[in-house]
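*Asks:* Take a look at this one; I'll ask things after.
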Amino acid sequence: MIKYSTKWMYLVIPFNMAIGPISTLVTLQILTLGGNAIDVAYVISLGNAVLIPASIMWGFLADRMDRKKQILLSFAGTALPLLLMPFFNSISFVAINYSLLVFMSTASTTPFNLLVMESAEKKHWGSLFSKFSFFSSIGMLLGLLASTFLVIFLKIYEVEEILGILTLGTLIAGFKLVPRPVITFERTAMLQHKESFMIRIRHLPLFFLHLPNIHSFKVFSLSRLTKKPINYIPLLYLGLVIFYISSGIFNTVYPAGLYVKGLEKSEVLLVITVGMVFQILGFRISSSLLEAKEESKIAHLSLILRGSSYVVLGVFSVFFLGYPILISGLIFYPLAAGIAYSLFYSSSTTMIFKIVGERQQGRGLGVYSTVVGISLFLGSLVSGYITHYLGYGIDFIIAGLLLLADSYLFRYLEEG
């Protein structure tokens, strides 16, 4: 195989710096424009809804389009909405702009993963994917750290504009650094290699090789759900549905909850940043844990940790304001969004990899991606109404209780 320079991987750092903090910044921007939890939920839900057509379109194009052109198009399409943010002073326009940003930023996800595989021989894929994942995490962390500092002195839209300029610089550098591989792979190659599959799903949890039809969802029929061993796959999918609905319910409004409960913008971003630090650490230890324990066991325990942390954060939100919210956020949010998330992601994605690697890969991935996309959308949409009518604390508690119930489902899977 012809080997390419891997200098292009350094582009992942500034690109992830730009997109890493954007959902939190957009949430804070909506609140400063006079919006409420329902407005936040609508905007984030719209972004989640865009993920399904985006992952379908960009995925199919990745098998046909020049790799370099698609990555550069993603950079340009991400920079434009960020640079336009200062010109939008209404929530409706922010929602449209954010959706465009989500749509365009996902265009580079699959080409980047394929480019890793096309840059070296197969025996080196593992180390290259580890490097790629590390650079992505570092980029997101640096973006959150920079935003935490910048919002002290600048308006939200000014921070977003700086991120847009950074992405524009990444685009210019990309013309020189992104290679045009002579030997190319289609997306099916990612299903033959565990690291490529896991990192692809980590960056975008929707992966359509083929569009599922109505018959593909017979896996959720009552007869399959109640009979062993054929109920393993539908119950695993059901467990993931509950997880992503809960994540949508919590993650959509948690930054808004911190702000409404008395924290400054920089403190909100600080809590999210610490969560990212612990997530990076969690991914570093997850591989060794997976070698020692069953995936379903790790998933079961991580759901208990994540659900319990959500409940505690909810209780604090019900009874406290200000400083206690900050302290509880710095302790329990990293446990939930950092350690617990990384362990659940690693274990559950390994379980999915084993399923789709057996047979009917396209149909299985299509069903998985569809239910995940719908779950994220529903969770984020309903979060605004729960928060508006019942409060932030109740929203967090509901999300936590869903995960605790979900943990019993994975315990059932663990027991066979």
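First residue shown is number 1, and so on along the chain.
Any Cβ shown, glycine's included, is placed from N, Cα and C.
I grabbed these lines from TrEMBL:
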{"type": "TRANSMEM", "residues": "12-34", "note": "transmembrane segment"}
{"type": "TRANSMEM", "residues": "40-60", "note": "transmembrane segment"}
{"type": "TRANSMEM", "residues": "72-89", "note": "transmembrane segment"}
{"type": "TRANSMEM", "residues": "128-156", "note": "transmembrane segment"}
{"type": "TRANSMEM", "residues": "162-178", "note": "transmembrane segment"}
{"type": "TRANSMEM", "residues": "232-256", "note": "transmembrane segment"}
{"type": "DOMAIN", "residues": "232-416", "note": "domain 'Major facilitator superfamily (MFS) profile'"}
{"type": "TRANSMEM", "residues": "268-286", "note": "transmembrane segment"}
{"type": "TRANSMEM", "residues": "365-386", "note": "transmembrane segment"}
{"type": "TRANSMEM", "residues": "392-410", "note": "transmembrane segment"}
*Asks:* Is the transmembrane segment (232-256) packed against any residues at least 6 beyond its ends, judged by a Cβ distance under 8 Å, and which are they?
*Replies:* 23-24, 27-28, 30-31, 37, 40-41, 44-45, 48, 205, 219-221, 224-225, 268, 272, 299, 303, 307, 310, 313, 333, 336-337, 344, 348, 351-352, 355, 364, 367-368, 371-372, 375-384, 386-387, 392, 395-396, 398-400, 402-403, 405-406, 409-410, 412-413
*Asks:* Report yes or no: does the transmembrane segment (72-89) come within contact of the transmembrane segment (365-386), defined as 3 or more CB pairs under 8 Å with a sequence separation of 6 or more?
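*Replies:* With fewer than 3 qualifying Cβ pairs, these stretches do not touch.
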*Asks:* Does the chain bring the transmembrane segment (12-34) near the transmembrane segment (162-178), so that three or more CB pairs sit under 8 Å (pairs 6 or more apart in sequence)?
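*Replies:* Checked: the transmembrane segment (12-34) vs the transmembrane segment (162-178), in contact.
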*Asks:* Out of 40-60, 128-156, 268-286, 365-386, which stretch has the largest tally of CB pairs under 8 angstroms to the transmembrane segment (162-178)?
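*Replies:* The stretch I would name here is 128-156.
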*Asks:* Between the stretches 40-60, 268-286, 365-386, which one has more Cβ pairs under 8 Å with the transmembrane segment (128-156) than any other?
*Replies:* 268-286
*Asks:* Excluding the flanking five residues on each side, which residues at least 6 beyond the ends of the transmembrane segment (40-60) place their CB within less than 8 Å of a CB in that stretch?
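*Replies:* Apart from its flanks, the transmembrane segment (40-60) reaches 23, 26-27, 30-31, 70, 91, 94-95, 98-99, 102-103, 106-107, 109-110, 187, 204, 206-209, 211, 248, 252-253, 256, 369-370, 373-374, 376-377, 380-385, 387.
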*Asks:* Please give the sequence-distant neighbours of the transmembrane segment (268-286): residues at least 6 beyond its ends with Cβ less than 8 Å from one of its Cβ atoms.
*Replies:* 20-21, 24, 28, 133, 137-138, 140-141, 144-145, 147-148, 151, 255, 258-259, 298, 326, 329-330, 333-343, 345-347
